[in-house]
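Record features, source Swiss-Prot:
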type	residues	note
ACT_SITE	2	active site, schiff-base intermediate with DNA
ACT_SITE	3	active site, proton donor
ACT_SITE	59	active site, proton donor
BINDING	93, 111	DNA binding site
ZN_FING	229-263	zinc finger
ACT_SITE	253	active site, proton donor
């Protein structure tokens, strides 16, 4: 699933290509990708509009159009936005094509969970922005009896963290995903804050993690997978303590960690 670093990378690769472009036509081949409005209403509200800004909020991509419309894109598990030359053939997983004149924006999604809407849910602060502070994190941790994995995945607490980066953040901080959030000391909460900032920034620097489906808008893979210490590495030896990494389910998700050095 594209998480904060992947969506940020997609935004950065899309922006130079589509800002200032007009949407001349939209073809929707799978109606369920249009959320909360009909395909006809969606088309009416976007066709003829200019793309004036591209933003990211958590795992969501926001496309601001002239006329004060904003299209919210959620890629979910396997969604992709690809910039292609005009007239490019669609494949069996292409569910929408936006005609931008000399270019096309294709939406592909193997699992068919992603889509477009005009709504944006309420989510927590951006972890790489000034609004996310150690004090904010400590307050949320102290108020929670959930385990740390669940807290990191809760989009209402912190926007944009998914399974891959949650595991890597907890390893960086030396904290067990099973730890109850309220049990963290001041120092441990500080280390978690630093780890969140560090791992997400590295994820963006390396243009995301390409393990299965993720590519950016130019169909290029990321390379953060080369830096993964625990995610997907159950049975391997911990790079920190040389003990065996394990995989368990926490917060309903596969969780990879070192039971020896993550406490």
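For all residues, glycine too, the Cβ spot is worked out from N, Cα and C.
Projection of Swiss-Prot feature records onto the structure.
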residue: 2; record: active site, schiff-base intermediate with DNA; Cβ neighbours (10 Å): 29
residue: 3; record: active site, proton donor; Cβ neighbours (10 Å): 22
residue: 59; record: active site, proton donor; Cβ neighbours (10 Å): 22
residue: 93; record: DNA binding site; Cβ neighbours (10 Å): 18
residue: 111; record: DNA binding site; Cβ neighbours (10 Å): 12
residue: 253; record: active site, proton donor; Cβ neighbours (10 Å): 15
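The recorded positions close to the residue listed as 'active site, schiff-base intermediate with DNA', defined as a CA atom within 10 A of its CA, are 59 out of 59, 93, 111, 253. Listed in sequence order, the recorded positions from 93, 111, 253 having a Cα within 10 Å of the Cα of residue 3 (active site, proton donor) amount to none.
The predicted model assigns the zinc finger (229-263) a mean pLDDT of 96. Under the DSSP three-state reduction, the residue listed as 'active site, schiff-base intermediate with DNA' is assigned to coil, being neither helix nor strand. In the three-state DSSP scheme, residue 59 (active site, proton donor) falls into the coil class.
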